[in-house]
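Q: Just dropping this structure here.
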Amino acid sequence: MNGEWKSALRLQIEALAKRNELHRKSSVDEIKKRTVDMDKRIVKLRELVGSSANDAALFYLECVCHADETERLLNRGSSVGKEKKWKKVKRKTSSSVAPPLSRTISSLPGVSSPDVIQTIDVSALEDQTPQRPHWWDQFQLYRRTDLLRFSKQNDRRELWRTQKDFFLSCLGFMVGVGHTMRFPAKVYQHGGGVFFIPYLFSLIFFGLPLVFLHLSLGQYTGQAANTAFQRLMPIGSGVGWALVVIAIPVAVYYNIIVAWAIHYFFQSAKGLLLGDELPWETCRDEWQLDNRCCNLHNLHSCFNSTNSITAPEAFFHSEVLSLSTFGDFALGPLQSHLVLSLAAAWLLVFFGVFKGLGSIAQTMNVTATVPYLLLSILLLRGISLPGANKGLTFLFTVDSTKLWKWQIWKSAAEQVFYELGIDAGPLISMAAFSRYRNNIYRDSVLLVIMDALTSCLSGMVIFSFVGFIASESNSNVNDVLKHDPLYLSFTVYPGVTSFMYWGGLWATLFFGMLVLAAIDAEFAWLEMIASAFMNHFSMKNKAVENRLLAFLCLAGFFLGLPLCAQGGIFVFHAIENLNANWNSFSLALLSVAIVCYVYGIDNYLTDISAMLRVPRIQISKATRLKEKLIYFFGPGGIYIKFSLCFICPVILTVLLVASVLGYQRISFAGRPIPIDYEIVAWIVMIGPLLVVPLVAFMQIRQIRNEGKLLKSLFDTSEWRESQDDSLEPKDLYMRQSGKFESPPNRRRTPTIFTHRENTYMYIDSRGPTVRSRVFPLGASLDPYGWKAGRLRDRQQQIEETASNYSEEDSATTNSFMASTVKHNDDMELTLFGSPPAILGDDEKIMTTRFSESMPVNYKCRNVEVPRIPNKLPQNMERMARKTRKKRSSPSASDPPVPTSPLPPPPKLQHCRSEPPMMNSKESHSPEIITPGDDSPSISNSSDDSSDDCFRRATVIRRKTSDDDAFTHFSTATAESISITPLDFPRQRSLSSVAIYDQEQKNGRSKVLSQLKRPKPIDMPPK
């Protein structure tokens, strides 16, 4: 006990020394003098620990007060006279100590004497209520001294608060400009409802599989795209980095759409509040364009002439984009209104992401749901307009003659890539913050369904307004737009509001919806870029991440300024036409090839099925319908497997070849744009593909410098753990030929539970978590022990193997072991670990074996649980006496006594509240520990009464395999549970505190450490 006390004190001293090293970094002379003085104190303190522990503890308190005073001086100097954010905590310098220190020392053995407790005086805190922080404190822009203090607190990875936040964030990322602006433009361009056929085909056969691939990669690894592919295999890290790099130009040019929507929102709100007419209702003389401008209320005469456009189209090109003519391709000066709108857009993005997942989730709850409400309101208003049926008929009419053009299939594939966001890695990054056991396949299916429904809803809203304009202008739907339909949301809908009552209100709602739908995708792009760099440099400090996000927003604003120029629309148009094209098809094809063909689709689906706890089913005639559906359409089923292996590669290859062979120059308003803008678009969108060979070359160079073989480029050791580590790769073994050769390569097989989920209280929920589960209180402690064990041996295995062992071996297969420690007159039943190693003269160890013929008092999960009689000491003595008698008087002439079959242990289904199994092929059965001849005698004294308070018991479990249930008796594992007297009235559950290590040689599993509790108490301390 004294050794443990000293060890804990030495740990406190080392922590104090590290704290002094942090203080030493200050440049203040007074602080330097205090650190030198602290060094001398620490040297003296280390000497006192060996000689006098009590004196060392008291002197340690003085050192802590000295360090606290030094830290107060540091904080006072860094604040530069400013008022503190939190109220100061005043302590007595003579005998003050921090609460964690007092709890640590008081809980150590040997410090429970009254004289020691009196010397450690903890003064009461005068005021612990913090002041309300200022609004600028939310930005967490700390000084360097504050970063040193907060770095350890923030070194923890965030998770989504709920799975609803994760789903809404993914939905908000998908639902945006691709639905409200791009999808109606594609339908309008390809002649209506015929576009739905290739669109739905693309969603089903490579949209959903690729969404599931991205989400499962992120959730399985818990990392961004670059680190996820790095863990899969080093040669694939280039694909992950390409998915990150390609997001940078997309995030820059994507935000200019938000800037346009903000400008329209401001103009609409201005007209609504001031009561003025909307600026796009009538034509103006300063709008000098090549086409004739027509007022909305004079559409009949306007559309009878050629080269005429509506007032909303003229407003967008002349007022918003500041184009003089469609043939003027000069870049021109910056437009002040677009610069201000772009700055507002990046400010909104920063306020949405600066608090991490918490702020993103809160923002996404609004931006992902409010657009659906606004779209529903706009749809009801749109279908009530005269002529709306004309536009809806155009939307749902299928012209089969256009179905055989390859352009429509290419456009549908591009639209699917653009909508779902599978052309980059935001889905991987968002899934990395999800729980490990989350049903990611269900989320993938729901996201794709919601994506298709949103596209249909947006199309109905836009085309109801297009039909209304066509009816008012007495023209066909095909003739409403004279220019590129890509900007249909900014040219069609503003004109509709002029014919409505409260047109300013409806315009404000529409463009507010457009801002919300577009900006949440920007959150995902920025968070993915920041997460990739934070993971690459192994940083988790929130202050550093916030500064990185602020830098990305500032850099995005300056990089987006060329798009705010007079000719910036041409650069935007070139990038928009090349996005989700060659780059998306190439990266998707490389991702599928690495996962399905290099790593192996069967291996990957086995890993994901183990993560989701979905078995790989083999169907037969007796298979139920539910299992057949899982076999064909489950996460590891035929649909996903063949879609990723055959359909996706074929379609992506055909689309890539068709895009290369059918490439045409980019044009705007019927005129080809200058080659300079097109080259910029090529560099921005196709350039990230060069990252793949560049990173692969760097990986090869690193492998050669480390002296490894090239096959290590395809090493998957970081992806999943190996079940069989008994044979080391560097070991040599003798074959039949007698030559020493290298052992054959063994394919790593996945385990049902990963190594890290056996860690105690793993915060990421990757595996069974320790969670409360209330059990009925019985008359004994045995149900607790049986419930804590993972007893999964079947009756047939026990009956077949029990008869092959001797009576002595069979006595060690199915039992429950408990140990009691007697401290003078108090009896204690130890529920954890082996009996105490150091016992005094007055302490006795009693170990007993409960027989297999115990009565049963109740059932737990429909499994009978044996019950320990109330009088435990008497039964222990009687059973131990019988065992000694059998062992002491054996007779060689006696016939062998047949061993009766042992009762099966209870089968417990795996649940998150129970301790995890060691691996997928291991199960546990209890072991009987019978006291041998050298065991201490068990006396049936009066002290061993049934009224004694049993506080602990020990469960010893034996690890066996399915193939040989009782052969490896040498590999025993122990798992600990804790029950204190206060746990019984509260009905506390059992919690696993054993930490296992799966990466041990020869397949042995050992207990690395056991968390020990202090001595149980009967009532809370005063």
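The backbone N, Cα and C atoms fix where each Cβ goes, and this holds for glycine too.
Take a look at what Swiss-Prot says about it:
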type	residues	note
TOPO_DOM	1-165	topological domain 'Cytoplasmic'
TRANSMEM	166-185	transmembrane segment
TOPO_DOM	186-192	topological domain 'Extracellular'
TRANSMEM	193-213	transmembrane segment
TOPO_DOM	214-241	topological domain 'Cytoplasmic'
TRANSMEM	242-262	transmembrane segment
TOPO_DOM	263-337	topological domain 'Extracellular'
TRANSMEM	338-358	transmembrane segment
TRANSMEM	360-380	transmembrane segment
TOPO_DOM	381-412	topological domain 'Extracellular'
TRANSMEM	413-433	transmembrane segment
TOPO_DOM	434-444	topological domain 'Cytoplasmic'
TRANSMEM	445-465	transmembrane segment
TOPO_DOM	466-498	topological domain 'Extracellular'
TRANSMEM	499-519	transmembrane segment
TOPO_DOM	520-550	topological domain 'Cytoplasmic'
TRANSMEM	551-571	transmembrane segment
TOPO_DOM	572-584	topological domain 'Extracellular'
TRANSMEM	585-605	transmembrane segment
TOPO_DOM	606-641	topological domain 'Cytoplasmic'
TRANSMEM	642-662	transmembrane segment
TOPO_DOM	663-677	topological domain 'Extracellular'
TRANSMEM	678-698	transmembrane segment
TOPO_DOM	699-1022	topological domain 'Cytoplasmic'
REGION	867-948	region 'Disordered'
COMPBIAS	893-907	compositional bias 'Pro residues'
COMPBIAS	933-943	compositional bias 'Low complexity'
REGION	995-1022	region 'Disordered'
Q: Using DSSP, tally how many residues of the topological domain 'Cytoplasmic' (520-550) sit in helix, strand and coil.
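A: Breakdown, helix to coil: 26 helix, 0 strand, 5 coil.
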Q: Take the topological domain 'Cytoplasmic' (606-641) and count its residues per DSSP category (helix H/G/I, strand E/B, coil), listing them in that order.
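A: Residue counts in helix, strand and coil order: 20 helix, 0 strand, 16 coil.
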Q: Is the number of Cβ-Cβ pairs under 8 Å between the transmembrane segment (499-519) and the transmembrane segment (678-698) three or more, considering only pairs separated by 6 or more positions?
A: no
Q: Quick check on the topological domain 'Extracellular' (466-498): DSSP residue counts for helix, strand, coil, in that order please.
A: 24 helix, 0 strand, 9 coil
Q: Per the definition of 3+ C-beta pairs under 8 A with sequence separation of 6 or more, do the transmembrane segment (242-262) and the transmembrane segment (338-358) touch?
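A: In this chain the transmembrane segment (242-262) contacts the transmembrane segment (338-358) - 3 or more Cβ pairs sit under 8 Å.
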Q: Take the topological domain 'Extracellular' (466-498) and average the pLDDT across it for me.
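A: Result for the topological domain 'Extracellular' (466-498): average pLDDT 78.
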Q: What does DSSP give as the helix, strand and coil breakdown of the topological domain 'Cytoplasmic' (434-444)?
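A: DSSP composition of the topological domain 'Cytoplasmic' (434-444): 5 helix, 0 strand, 6 coil.
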Q: Taking the transmembrane segment (585-605) as the reference, which of 193-213, 642-662, 678-698 gives the largest number of Cβ pairs under 8 angstroms?
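A: Ranking 193-213, 642-662, 678-698 by Cβ pairs under 8 Å to the transmembrane segment (585-605) puts 642-662 first.
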Q: Hey, would you say the transmembrane segment (445-465) packs against the transmembrane segment (413-433), going by three or more CB pairs under 8 A that are 6+ residues apart?
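A: Yes; at least 3 Cβ pairs under 8 Å.
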Q: Which stretch, 166-185, 338-358, 678-698, tops the Cβ pairs under 8 Å count with the transmembrane segment (551-571)?
A: 338-358
Q: Determine how many residues of the topological domain 'Extracellular' (663-677) DSSP places in helix, in strand and in coil.
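A: Its residues fall into 3 helix, 4 strand, 8 coil.
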Q: Of the listed stretches (166-185, 193-213, 642-662, 678-698), which one yields the highest count of Cβ-Cβ distances below 8 Å with the transmembrane segment (413-433)?
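A: The stretch with the most close Cβ contacts to the transmembrane segment (413-433) is 166-185.
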Q: Before we move on, state whether the transmembrane segment (642-662) and the transmembrane segment (193-213) share at least 3 Cβ pairs under 8 Å, counting only pairs 6 or more apart in sequence.
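A: Yes; at least 3 Cβ pairs under 8 Å.
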Q: Please list the DSSP helix, strand and coil residue counts for the topological domain 'Extracellular' (381-412).
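A: Its residues divide into 24 helix, 0 strand, 8 coil.
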